[in-house]
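Enquirer: The (6S)-5,6,7,8-tetrahydrofolate binding site annotation in Swiss-Prot covers 117, 121, 122, 123 and is backed by sequence analysis. According to Swiss-Prot, the N6-(pyridoxal phosphate)lysine annotation covers 226. Annotation source Swiss-Prot lists site 'Plays an important role in substrate specificity' at 225, citing sequence analysis.
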């Protein structure tokens, strides 16, 4: 970055500070990960200079022959990786992938169903604060209060009562396997379409370690980062009968030109996910997450649903008298990066000051952490949570965290 260092020291310094932060902290945010050096190089390539409105072979600008080649490569790889009939790799984000899917499948004012945000859903699944809550008539479904898993019986009851045009599944904080076959059966009973958002679990699905929604869903949306380890962006998979509607919804309805440098990086990430080592990596994520869950239980902490089937755990801190906001700040001061999160059915919580925290293992696993490092990290978490606001303990843990982190290079930066 010699040119940037000279031309814009302020931006250069911020990048260097962020690099140091990545090296000296343990990232347990379930939606974050480290990309490979190859993905970073593709995203920083000359494709950032190219406008490519339209689709391969049907561009509105000249000079798109290599943009076409890159996008076709990304499309083919996405289809192969997920065994899909059609793929659109242009969405700038998961939220925009979802928006395009809605615009293609339903009309404003139609009834849709989505998992309520406080039970692990996502803003784009029907939140009143989101465009979905403003454009559509949203019926929320939730979890069973005893099992803290999706209440499929009540979901079916609500579907039969309200007859939605679209049912959305997928989550941002749900630690259990989703029953796509049951969702499909419910949709068929009310003649609804099924949309599945696999943003969090795409890597697990690609590796065959979580059931795939592709055989059951009309449309599947995802991000290309998180467990998939690609660049920040989105993509859509669908059955061939919806291909034209999906493509038109992405362009020209919600986007103009695609970010071709990101499309190039997506192509690289899809190729990386096809390698045998990617399955091994995803298995390690699951192993580390099981170790994390067990160690958290040993500390006496309550896990939502009692455990996890995927890459994340949701911890209810209300029994120990700590809120998620204070926990997030204290752990950050100690070099452990997590996010606060609402807990299903918890009382006296808000989005800003929720009752719990969400922890995940994708980034730590990418860095090379195994069960031993996860156990050590959870022990530090326990020490911080039991001594909220104790600066001496926070400094002690921070020093130990930095010492551990120096043994594990950061993908894309150190290796």
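Using N, Cα and C of the backbone, Cβ positions are placed for all residues, glycine too.
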Enquirer: At the Cα level, what's the spacing in Å between residue 123 ((6S)-5,6,7,8-tetrahydrofolate binding site) and the residue listed as 'N6-(pyridoxal phosphate)lysine', rounded?
Expert: 17
Enquirer: Which residues of the same chain, at least 6 positions away in sequence, have a Cβ lying under 8 Å from the Cβ of residue 117 ((6S)-5,6,7,8-tetrahydrofolate binding site)?
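Expert: Residues satisfying the criterion: 123, 125, 126, 127, 342.
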Enquirer: Reported as an integer number of Å, what is the Cα distance between residue 226 (N6-(pyridoxal phosphate)lysine) and residue 122 ((6S)-5,6,7,8-tetrahydrofolate binding site)?
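Expert: Residue 122 ((6S)-5,6,7,8-tetrahydrofolate binding site) has its Cα 15 Å from the Cα of residue 226 (N6-(pyridoxal phosphate)lysine).
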Enquirer: Within a 10 Å radius of its Cβ, which of these recorded positions (122, 225, 226) has the fewest neighbouring Cβ atoms?
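Expert: Fewest other Cβ atoms within 10 Å, among the recorded positions 122, 225, 226, is found for 122.
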Enquirer: For residue 117 ((6S)-5,6,7,8-tetrahydrofolate binding site), which of the three DSSP-derived states applies: helix, strand, or coil?
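Expert: In the DSSP reduction, residue 117 ((6S)-5,6,7,8-tetrahydrofolate binding site) maps to helix.
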Enquirer: What same-chain residues, at least 6 away in sequence, bring their CB to under 8 Å of the CB of residue 121 ((6S)-5,6,7,8-tetrahydrofolate binding site)?
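Expert: The list for residue 121 ((6S)-5,6,7,8-tetrahydrofolate binding site) reads 114, 115, 127, 140, 171, 172, 174, given in order along the sequence.
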Enquirer: Between the Cα atoms of residue 225 (site 'Plays an important role in substrate specificity') and residue 122 ((6S)-5,6,7,8-tetrahydrofolate binding site), what distance do you get, rounded to the nearest Å?
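Expert: Between the alpha carbons of residue 225 (site 'Plays an important role in substrate specificity') and residue 122 ((6S)-5,6,7,8-tetrahydrofolate binding site) there are 16 Å.
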